[in-house]
Amino acid sequence: MNPRRKKRLTLAVALIGGVAAIASLLLYALNSNLNLFFTPTEIVQGKKDTGVMPEIGQRIRVGGMVTIGSMVRDPDSLHVEFAVHDAAGGEIIVTYDDLLPDLFREGQGIVAQGVLSAPGKLEATEVLAKHDENYMPPEVAEAMGQSHEKLDYSEDQSKAGGYK
C-alpha cells in the first residue's frame, strides 16, 4: 500500500470512529434525559401494549388524581407524602420535599416527575397541579380516558386546599 492510500485510509477510519463516538455520546445524553410518562396502573402492572414497567431508579413522570385523605405532612419540614390514583384503580405513593403548588389539593389532577425509588413509590422532584376545575394535563386526560368527574368538596376540604 502506497503512503497516499494509507493516509486516506487512516483519515477515513478516524472520521468514521469520530462520527460513531459523537453518535454514541448523543444517544447516551438523550437516553439519560428521557422522562417517560406512566399512569399509576402502568407503574404497578406495566403498559397495556408492551407490558413494560419502569425500573427502580428510572426517571419518570406520573399523572393521576391525588387520593382524598392520603396526604401526610411532616410538621417539622416541607416533606409531604400522598397517593395518586387513576381510573383503572392503580395507586402509587409520591413523596415530595419542597413547596407544593398553590392549586394542589386532594382530589385534583397532578403530574409528578421524579425517580422511582421502590415498586409503587415515586420520589418527586417536581409536582405540577392542574389550573382550574376543568383543566387536566393532556397526558393525564389521555391516559385516564378523560373519565374523571368534577369532585364535590366538603367545607373542611375546601379550607384545607386554601379555597373559600
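Cβ atoms here come from the backbone N, Cα and C positions, even for glycine.
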Original post:
With Swiss-Prot as the source, which of 115-139, 140-164 is set down as region 'Disordered'?
Top reply: 140-164
**OP:** Grab the same-chain neighbours of the topological domain 'Cytoplasmic' (1-8) for me: Cβ-Cβ under 8 Å, and only residues 6 or more beyond its ends, written as numbers and ranges.
**Re:** none
Original post:
Would you list the DSSP helix, strand and coil counts for the residues of the topological domain 'Cytoplasmic' (1-8)?
Top reply: 6 helix, 0 strand, 2 coil
